[in-house]
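Taken from Swiss-Prot, the feature disulfide bond covers Cys113-Cys158, Cys306-Cys369.
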Amino acid sequence: DINGGGATLPQKLYLTPDVLTAGFAPYIGVGSGKGKIAFLENKYNQFGTDTTKNVHWAGSDSKLTATELATYAADKEPGWGKLIQVPSVATSVAIPFRKAGANAVDLSVKELCGVFSGRIADWSGITGAGRSGPIQVVYRAESSGTTELFTRFLNAKCTTEPGTFAVTTTFANSYSLGLTPLAGAVAATGSDGVMAALNDTTVAEGRITYISPDFAAPTLAGLDDATKVARVGKGVVNGVAVEGKSPAAANVSAAISVVPLPAAADRGNPDVWVPVFGATTGGGVVAYPDSGYPILGFTNLIFSQCYANATQTGQVRDFFTKHYGTSANNDAAIEANAFVPLPSNWKAAVRASFLTASNALSIGNTNVCNGKGRPQ
């Protein structure tokens, strides 16, 4: 089997029948942090208790750091070959909540910052929400790529809060004033755990969280129900009040379509393949959009260029061929899970780099992978 796991954000997608091609074991969602460790150190026990299997790929919403890339290049690349890190799909980060009321909850960016810093501790602090009572934040307990995507946004946009947000995979470590301002904040593990805590009927209503869109609502239409999933981005433009947007895929696709490709000369560097949104631009950092839903990013795939087993090499190539294909691909499943497929120019760049046999980056290139390969 081709064994892999990691981020829970795309877990439902990768468990959708026929998304993973023949030879792939079922995806195991444990969080991006454990997924990266599992791949980088070939530690299958990050997925559970089994220590006898090898790890062949990972899913992560958290981009590999410079240190992670350098360590792998020094310790593993000489025997196993280069790693490949590419975006899989684009995603919003949704803000679902449990607080009954007839009004739509539409957060300005400043209000969103206030809720997650603890500055706004009562629902009455959100204008137009028509609700009152304590706000209780639910956050991911473990190292989470969804948390990284969310804290990137908070870091870029929440510049007038009493404290500052750092970009991190661990929410409890993000805000400079700690969790103390978030009275009664609740830690939960995994996307399933977060939604279970959010919807816990044994406690008073009032909880709010951040999560991927496939978990935020039971249906695609549910993402547009602002009595359960907040709109984000209300404000005043040229003296006219404007509503925020829902986290539905249609509201992030325009921003994704204009993200620039990595330069052809740089495509051997795994770092350049994953654009991130941030406060500053350049060096792979893209400005947050001025329109549409504002909290967005990518979930990524981490594979090896070389596998010791020829059958596994072919199976990985088959998956790339389908996932990044022009037709008979995974786009319908991606959209059904509330994500956005990569634009056609991005798919073409992935195919040209990692599937074209003559390209030195191609998966299983016999000249490059001669004597190298990730263990079977």
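Heads up, the Cβ atoms here are built off N, Cα and C, so glycines get one too.
Taking the features listed in Swiss-Prot, we show where each one sits on the structure.
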residue	record	DSSP (3 states)
Cys113	disulfide bond	helix
Cys158	disulfide bond	coil
Cys306	disulfide bond	coil
Cys369	disulfide bond	coil
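Separating the Cα atoms of Cys113 (disulfide bond) and Cys306 (disulfide bond) is a whole-number distance of 44 Å.
The Cβ of Cys306 (disulfide bond) lies under 8 Å from the Cβ of Trp80, Gly81, Lys82, Thr313, Ile363, Gly364, Val368, Cys369, Lys372, Gly373, Arg374, each of these being in the same chain and 6 or more residues away along the sequence.
The Cβ neighbour count for Cys113 (disulfide bond), using a 10 Å radius over every protein chain in view, is 20. Within 10 Å of the C-beta of Cys158 (disulfide bond) we count 21 further C-beta atoms, all protein chains included.
Within 10 Å of the Cβ of Cys369 (disulfide bond) there are 21 other Cβ atoms, across all protein chains.
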